[in-house]
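Note sheet for the following structure.
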Amino acid sequence: MARMLGNNKVAFESAKSQFWVVDAKGLITEGRENIDPDALPFARNLKETDRQGLREGASLAEVVKQVKPDVLLGLSAVGGLFSKEVLEALKGSTSMRPAIFAMSNPTKNAECTPEEAFSILGDNIIFASGSPFTNVDLGNGHIGHCNQGNNMYLFPGIGLGTLLSGARIISDGMLQAAAERLATYMSEEEVLKGIIFPSTSRIRDITEKVAAAVIKEAVEEDLAEGYHGIDARELKKLSELNKENSSV
């Protein structure tokens, strides 16, 4: 989010303010003792939580009720964490189409199933999971699309782009560039239907374009060292040429 907002300190602070992180002990605030260093940047200010009517350790359902989030992102490995109470609370979301990402796997660890999400919130949501689920027939010709967040769309292109760029590391920027390139394959019509990944029939073309985006980012971050006789300067010319000729 910070990258998309300008990729500077102000953008990072703005992006950080959009996240409310809840772990096994509840909402993480600055009042928490022995905070995990990785979670520390997301610890909420106590005055802010007070204004929201929340406290240190507030439950997920409480946070959803008060914050009215646009997205529920499940990375907990706790099956059923998105309970009926939590999903009911999401009805108050400020988003016209809230998203539920139950990303934990295997299937038994999914925070909720698509059937549970669609039965409580109706078809006006976007649902994605880490495990494979079938689409849900909602009746009257409506389908609740279950999108599996699978790395097959990105990893081949990231690997190819990194190899061809000669980069010794894969930066956050390279990963972000790959994700942004993948997103361009989605039409507005598909997204409105709740579909957030392209057809696998396009995966070879996607791999090529993602790799090109990764190379371009590696060049811009001065990480590209070249590959098989192609030096960084030549890579830069090629990445610029690809940008001019790129189309979906």
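Glycine is no exception: its Cβ is also placed from the backbone N, Cα and C atoms.
Curation plays no part in TrEMBL annotations; they are all automatic predictions.
Feature annotation from TrEMBL assigns (S)-malate binding site to Asn105, Asn150. Of all Cβ atoms in the shown protein chains, 14 besides its own fall within 10 Å of the Cβ of Asn150 ((S)-malate binding site).
Taken from TrEMBL, the feature domain 'Malic enzyme NAD-binding' applies to 2-219.
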*Residues with Cβ closer than 8 Å to the Cβ of Asn105 ((S)-malate binding site), same chain and 6+ apart in sequence?*
Ser129, Gly130, Ser131
_Segment-level pLDDT (mean, integer) for the domain 'Malic enzyme NAD-binding' (2-219)_ = 93
